Amino acid sequence: MTLKDRDKKHLWHPLTQHKLHPDTIAITKAKGCVLTDENGNEYIDAIASWYTCMYGHCNDNITSKVSAQMQQLDQVVFSGFTHKPAIELSEALIKILPQNQNKIFFSDNGSTSVEIGIKMALQYHFNKGEKRNTLIAFEDGFHGDTFGAMSVSGLSVYNGPFEDFFLDVKRIPTPNSENLEAILNTLKSIVETNKVAGFVYEPLVQGAAAMKMHNPDGLNAILKFCKAHNIITVADEVMTGFGKTGKHFASLHIETNPDIICLSKALTGGLLPMAITSCSQNIYDAFYSDDISKGLFHGHTYSANPLACTAALASIELLLSADIQNNIQRVIASHEVFNQHIKNHPKVKATRQTGVIFALDLNTEMARYGNLRDKLFKFFMDNGVFLRPLGNTIYIQAPYVITKKQLEKVYKTIEDALKII
Ligand SMILES: *Cc1c(COP(=O)(O)O)cnc(C)c1O
């Protein structure tokens, strides 16, 4: 029996309606930018397995260090204990994060990093004797699948059964060149009638909303408004972190620093699950007290797992290397050339790019998980390219180490796909 058939017996996959989509593809190997399936077919991983493996799959620099760490210290409780990989990672991160960030809190996936950011924002006010229970978030944002993260996500495709249990969230549109004044007016009326604790947002690029991009000046004005009203700003950089936007973090494109930053995905270069919520000294100080109950009583069993910390440390070393920085610039320039070539194609409605993230909207309406989307996905896979269209958007977010030849193949396959729709 093939792996694909054995899979059907006991496995329940994420984001999947199994009756409509019974088939999976069994991947047996991944190296660099190439995934290999059980039949020996190869696919260029043009979305870096949900934007995680940015230095290439099974990168020797990362695997060798993790493998050495495995012989030394595997796992230990992080309450009351500490260890070198966590300490070194905190030092390395603080050096590259926006300069107001000073404390690092660990968890193990993007959703929980946001959950912690929300709890920090709510408890910050609570500890200061103020009850603030409303959050602000962008329309179409995506922040994860746990309850707090789901609540702030505007992009709730199938949240029907849970909506009654959500936190109180008010939504604003993302800023563009025309709507900033209207947004600021909306914010004013929200703070007049609500006690707002925090603003949770994806800076510059909203991943799950099909790589929707917005303008840094507009976001800066919103962040300034929040600061003026003591609304804690929580930047969800789970997707945008670690070089995707051309800088180490999207927040570095914006003048006003966030109070809290959520990180995961490329944090460990895709090797192990881990997440971090960082914050400024000001946030931390609101929890620092002789009163035990003012502490942040949140913890995960695998917090700061030494192997994951080692993978993250090795990943940051790679990110800072001249080699990876050159690759990032090369991919950005290459996308710009492709953009010029494809943007006037009759089947293309719009294109956009921030850093290594490139997206193209088709001139066709398409359901997020509909038939046309499936046809497109199949076409890409049949041609050896792993791309996951989001509705009518095709996007590329390949590992930084993707070769020129591999990138050319991705572009050509996208162009060929325009013929079948
Ligand atoms: C993927 C993602 C999350 C959720 O992370 P998980 O590790 O899947 O829980 C949250 N926010 C953003 C912006 C993401 O892209």
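Here the Cβ of each residue, glycine as well, is placed from N, Cα and C on the backbone.
Gly299 (substrate binding site) falls within neither a helix nor a strand when secondary structure is assigned with DSSP, and so counts as coil. Counted within 10 Å of its Cβ, the other Cβ atoms near Gly299 (substrate binding site) come to 14, all protein chains included. Residues annotated as substrate binding site in TrEMBL: Trp50, Lys265, Gly299, Arg388.
Summarising the annotation, TrEMBL assigns pyridoxal 5'-phosphate binding site to Gly110, Ser111, Asp236, His300, Thr301. The secondary structure of Ser111 (pyridoxal 5'-phosphate binding site), as reduced to three states from DSSP, is helical. Note: Ser111 (pyridoxal 5'-phosphate binding site) has non-local neighbours His143, Gly144, Asp145, Thr146, Ala149, i.e. same-chain residues 6+ apart with C-beta under 8 A of its own C-beta.
Positions annotated as N6-(pyridoxal phosphate)lysine by TrEMBL: Lys265. Here the Cβ of Lys265 (substrate binding site) has 28 other Cβ atoms within 10 Å, regardless of which shown protein chain they belong to.
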Worksheet item: Which ones, of the binding-site residues Gly110, Asp236, His300, Thr301, have a Cα no more than 10 Å from the Cα of Lys265 (substrate binding site)?
Response: Gly110
Practice prompt. Using C-alpha positions only, work out which of the binding-site residues Gly110, His300, Thr301 is nearest to Arg388 (substrate binding site).
Written response: Gly110
Worksheet item: For ligand 1, which among the binding-site residues Ser111, Asp236, His300, Thr301, Arg388 have a CB under 6 Å from it?
Response: Ser111, Asp236
Worksheet item: In sequence order, what residues of the same chain, 6+ apart, have a Cβ less than 8 Å from the Cβ of Gly110 (pyridoxal 5'-phosphate binding site)?
Response: His143, Gly144, Ala149, Asp236, Val238, Met239, Cys262, Ser264, Lys265, Ala275
Discussion item. If I restrict to non-local contacts, at least six residues apart, and a C-beta distance under 8 angstroms, what lies near His300 (pyridoxal 5'-phosphate binding site) in its own chain?
Written reply: Phe106, Ser107, Asp108, Thr112
